[in-house]
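To keep things clear, I will list the structure first and then write my remarks on it.
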């Protein structure tokens, strides 16, 4: 049985358990976790549904510019788009439209947009707005380790998936350049780079809100306001699947946290991380934003490790997983494999840094 099927079975059992607990008065506090999952789903859907509705139109607009830039940098349009757009905010769908190379569509639309695209288009803009002082400095240190691991993980994942090694290296070459420039810019505090990422985030938010307005009109009147190609059906299917998956994953990780960490303290004793650090690292598997708000309560080791994982493992079992399961179910195992390898490389690199770094 595939890893994805096992995982979804566990989540479905966890979801049903949470519902039953809710029926009997939420005595185990698992029913409330389903409610939290639905709240996170609502926020996630609000941030992506407008872009999802407009992606056919946006893809048409970006085909020619992306092809020109791809030729300029000797790469594929899907790879280029996926370096800057999160998977669930246009990265996947637009990369499918602008490229004819199936391998590039998968590497870009699934592997890169879920890590590097999410980092540039979402995590960095949000983190720079939340974190201050020492927490921001520790986040930058950890994030630099994380983004450095992204191209390495993509190459290893592609090799394990059976893709041609030389072809993969050629496609990922531009990714190495992007991560290198990003690492230098973030570490040195290049104002224009940080401003550019914030501008990209603001632009996507604006486009999403416009799309939401058009989607609302389309749903309520059964007519599209403008004669442009949209994805109404996708917008209807996604929210319910996300709600069930995120609700189930919240219950699942609550059980893991309570029994494996609070009672047996397996991880705490091994990695000397504080309570907030452990909570944050479990949370980021669903959504990295709550993790960022816990930074002030974390110790230095936890902050750096959590930051590296925010770049590589964020939303592995949250909205991104629900998105892939909805629109690219054949690649769920590939998505999870990439997240696992990315996280493993990031953890190893971070532990080496914490032991030998100054």
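Note that Cβ sites are derived from N, Cα and C of the backbone, with glycine treated the same way.
TrEMBL lists 37-56 (among others) with the feature transmembrane segment.
Positions annotated as transmembrane segment by TrEMBL: 107-131 (among others).
The feature transmembrane segment is assigned by TrEMBL to 143-163 (among others).
Marked as transmembrane segment by TrEMBL: 169-187 (among others).
A Cβ distance under 8 Å defines the sequence-distant neighbours of the transmembrane segment (199-220), meaning residues of its chain 6+ beyond its ends; these are 46-54, 58, 84-85, 89-90, 120-122, 125-126, 226, 230, 232, 235. Among the features that TrEMBL reports, transmembrane segment is placed at 199-220 (among others).
Beyond the transmembrane segment (240-260), the same-chain residues lying 6 or more positions past its ends with a Cβ under 8 Å from any Cβ of the stretch are 8, 10-15, 17-18, 29-30, 33-38, 40-41, 44-45, 266-267, 278-279, 282, 285-286, 317-319, 321-323, 325-326. According to TrEMBL, the feature transmembrane segment maps to 240-260 (among others).
Taken from TrEMBL, the feature transmembrane segment applies to 304-328 (among others).
According to TrEMBL, the transmembrane segment annotation covers 334-354 (among others). Below 8 angstroms of C-beta separation, residues 3-4, 7, 106, 110-111, 114-115, 141-142, 145-146, 148-150, 152-154, 156-157, 160-161, 301, 304-305, 308-309, 311-313, 316, 320-321, 324, 328 of the same chain, each at least six residues beyond the ends of the transmembrane segment (334-354), sit close to that stretch.
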>> If I count Cβ-Cβ pairs under 8 A between the transmembrane segment (169-187) and each of 37-56, 143-163, 304-328, which range comes out on top?
In response: 143-163
